[in-house]
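Notes for the one structure printed next.
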């Protein structure tokens, strides 16, 4: 008993840096009544300093080395590269006038009440085609922000439409990393997992689209919409089409950047050095997000080294009594580990094996467990203020993470419906 209490204290201590982050960022922002008052970089820096200080059994240099390994991990560096390229593309496209013409074209072809549903459908389709939420957000967020400014609609609401829709494909696509990992760890076919997933995701997407139709009733386009220069839309078409064709997101952004340079110089929006300056300004604007990504990577590596994830897994899995509680446990495991890793693919990899073991023990259909892993990890990933998707969206639209999260309809509805599907054993065939 004494040993169990000791392990419990060690586990709580290992988790305490994450708890401190929540207190510093969320609680202080709620008290201030403004999520801009407390910079997320300061909240992370505070949690990182504390995490290094309370680490046990290592020399100070080893703690720093471990933190730096996490901050410089491959996924973190890739995220930073995407932030850099996205910043360069977004600002050069804006300076070249591409965003204005893309917005004007969209306003000219979509009725007012269909702007939000249209954006949501586009985000769902593109993410389903390319299998990644980040690529979808990079392609569509500047357009959504531009539409919000032109129609006088809330920018966070418009951007949230894109973020929510991007996770439809991240969850459901056959080529999504999360789908591949979930099906491999649970030992089922992607087509079977898709079928089980579709029982919840597709109805939820339809419900949310209808909600956007009603919410979009208040969207009013400008009375005199300037005619769009179709040529200036080309950079966004290149980005969207190349993404749908399956090109790597860095290649997609490189093509987008080059096309903005050609279009901008062709229409005298800037010369070569003006183009370079616009790219540089865009990269600089992404600086805070890159810092957050580095700090988050280091913090989460420190949490893992201190045994936080092992403690959570032990704590959650020792209360299972039947199939329903086993499914809830799998959902809880991947959700909490996702909070600690800020990466839904890594979260599924981390708990995939133990989810398979306990699922087999309590008779959970492996197609259902794969669906649970993928769905709940995507739901949690979409609402993390320090997740790659929210960071990307906030950087491109210049809004607070919490402003976007508060308008995310699709992930919250999907989470509630997914919990309900476990409690009420839906669909029956797989429950």
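Just so it is clear, glycine is given a Cβ too, placed from its N, Cα and C backbone atoms.
The domain 'Na+/H+ antiporter NhaC-like C-terminal' annotation in TrEMBL covers 21-216 (among others).
Here the domain 'Na+/H+ antiporter NhaC-like C-terminal' (238-425) returns a mean pLDDT of 91 for the predicted model. Positions annotated as domain 'Na+/H+ antiporter NhaC-like C-terminal' by TrEMBL: 238-425 (among others).
The transmembrane segment annotation in TrEMBL covers 12-32 (among others).
What TrEMBL records for 38-55 (among others) is transmembrane segment.
The transmembrane segment feature in TrEMBL is assigned to 76-94 (among others). Tertiary proximity for the transmembrane segment (76-94) is limited to same-chain residues at least six positions away from its ends with a CB under 8 Å from its CB atoms, namely 70, 134, 138, 141-142, 235-236, 239, 249-250, 253-254, 256-257, 260-261, 264, 275, 278-286, 289-290, 293-294, 296-297, 388, 391-392, 395-396.
Residues annotated as transmembrane segment in TrEMBL: 114-143 (among others).
With a threshold of 8 Å between CB atoms, the same-chain residues lying at least 6 positions outside the transmembrane segment (155-174) that come near it are 116, 119-134, 136-137, 140-141, 144-145, 147-149, 190-191, 194, 197-198, 201, 205, 208, 212, 215, 344, 374-375, 378-379, 381-382, 389-390, 393, 396-397, 399-400, 403-411, 414. Taken from TrEMBL, the feature transmembrane segment covers 155-174 (among others).
The transmembrane segment feature in TrEMBL is assigned to 194-215 (among others). Counting same-chain residues at least six beyond the ends of the transmembrane segment (194-215), those with a Cβ under 8 angstroms from any Cβ of the stretch are 113-114, 116-117, 120-121, 124, 157, 161, 164, 168, 171-172, 174, 179, 365, 367-368, 370-371, 374-375, 409-410, 413-414, 417-418, 421, 426-427, 430.
Nonlocal intrachain contacts for the transmembrane segment (236-262), taken as residues 6+ away from its ends with a CB within less than 8 angstroms of a stretch CB, comprise 81-82, 85-86, 88-89, 92-93, 95-96, 98, 102, 126, 129-130, 132, 134-136, 138-140, 143, 175, 272, 275, 279. If you look up TrEMBL, you'll see 236-262 (among others) marked as transmembrane segment.
According to TrEMBL, the transmembrane segment annotation covers 282-300 (among others).
Same-chain residues lying 6+ beyond the ends of the transmembrane segment (408-426) with a Cβ under 8 Å from its Cβ atoms: 120, 160, 163-165, 167-168, 171, 199-201, 203-205, 207-208, 211-212, 324, 327-328, 331, 372, 375-376, 378-379, 382-383. Sequence annotations record features per position, and here TrEMBL assigns transmembrane segment to 408-426 (among others).
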